[in-house]
Amino acid sequence: MREEPSSAQLFKPLKVGRCHLQHRMIMAPTTRFRADGQGVPLPFVQEYYGQRASVPGTLLITEATDITPKAMGYKHVPGIWSEPQREAWREIVSRVHSKKCFIFCQLWATGRAADPDVLADMKDLISSSAVPVEEKGPLPRALTEDEIQQCIADFAQAARNAINAGFDGVEIHGANGYLIDQFTQKSCNHRQDRWGGSIENRARFAVEVTRAVIEAVGADRVGVKLSPYSQYLGMGTMDELVPQFEYLIAQMRRLDVAYLHLANSRWLDEEKPHPDPNHEVFVRVWGQSSPILLAGGYDAASAEKVTEQMAAATYTNVAIAFGRYFISTPDLPFRVMAGIQLQKYDRASFYSTLSREGYLDYPFSAEYMALHNFPV
């Protein structure tokens, strides 16, 4: 354990929208498949989020949450459109708030990444263009103008539903090859109308979704997640990638959202190193506006290092979002501040559908339990 409290940048308070965080260690959104067949979070999901609200002033971002039945792409993922779903989320939010923490709901539409077997009731596999994820994969249908407008409205209604359920805000999932990203990136978007064909047009869908969500719930309740370099689901391969995301991020800055979340998935190209593992080019575009969350395999040491480096370069608005380590370490902020090693995670149980295994059975540190008088 640390001998003295650290003054590290990672441990300094940060205002995110309406939320006054006591440190800069965020729980990143992680899909876990612990919802029933109707997209209602299972009863024990409340305990999962409650465990990770272990240090007051922590921001948690939920797993990806479907905005409508048509947006569904996988079984056992939660939704936010029905009253039973919202009631389950109200209980989860109440549990998090009782621990003096904050929680944003991540809003999701899968597009062409959906499992075709899940698309029941005459739902089509849809995307920006009729371009499959893989060359011989299922062929999606390009959305029409009316459908695009309806999807934008659906994101706005989902945001209202989330705020009605008590969430402190929402995060728009514009990353990792899902529907919004399918409009942003030229590797998928082959349109030649006002939704494609140029950097500005490809960014339009993300911008209009964000604008509609802001109009619905307020800019200080809206975060946006992007993943410029992610190669997941056929993304991250376009030319003009940096200019595309520089433009989009500049537009998000003008919209004055509560935060920008930039995620780096595991780099898949073994032939060359990652061009920008800490998204420094995009941090510069974002500047000193609202907070910027960086995610991408950080541990305690690398999180402290990058926040110090960013602060030294005048970017004092940087926070770190932990995914896998927050799964395995419910008391993660406490451990990092105390200098206690983070717990190893079991990747095999990340997606153990409907199971408590690998979900509720990661222990708190002995030091945390002693401090909070847990029974031994």
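Any Cβ shown, glycine's included, is placed from N, Cα and C.
What Swiss-Prot records for Pro29, Thr30, Thr31, Ala64, Gln106, His173, Lys225, Gly297, Gly323, Arg324 is FMN binding site. Secondary structure from DSSP puts Thr31 (FMN binding site) in coil.
Feature annotation from Swiss-Prot assigns substrate binding site to His173, Asn176, Tyr351. If you take the C-beta of Asn176 (substrate binding site) and look for same-chain residues 6 or more apart in sequence within under 8 angstroms, you find Ser227, Ser230, Tyr232, Leu233, Met235, Ala263, Ser265.
Tyr178 (active site, proton donor) is surrounded by 25 other CB atoms, counting those within 10 A of its CB over all protein chains shown. In the three-state DSSP scheme, Tyr178 (active site, proton donor) falls into the coil class. Per Swiss-Prot, active site, proton donor is recorded for Tyr178, and the stated evidence type is similarity to another entry.
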Closest of His173, Tyr178, Tyr351 to Thr31 (FMN binding site), Cα positions, recorded positions only: Tyr351
Close recorded positions near Lys225 (FMN binding site), where close means Cα within 10 Å, chosen from His173, Tyr178, Tyr351: His173
The one of Pro29, Gly323 whose CB sees the fewest other CB atoms within 10 Å, among these binding-site residues: Gly323
Cα-Cα distance, maximum over Pro29, Thr30, Thr31, Ala64, Gln106, His173, Lys225, Gly297, Gly323, Arg324, record's FMN binders, Å: 19
Residue among the binding-site residues Gln106, Tyr351 whose Cβ has the most other Cβ atoms within 10 Å: Gln106
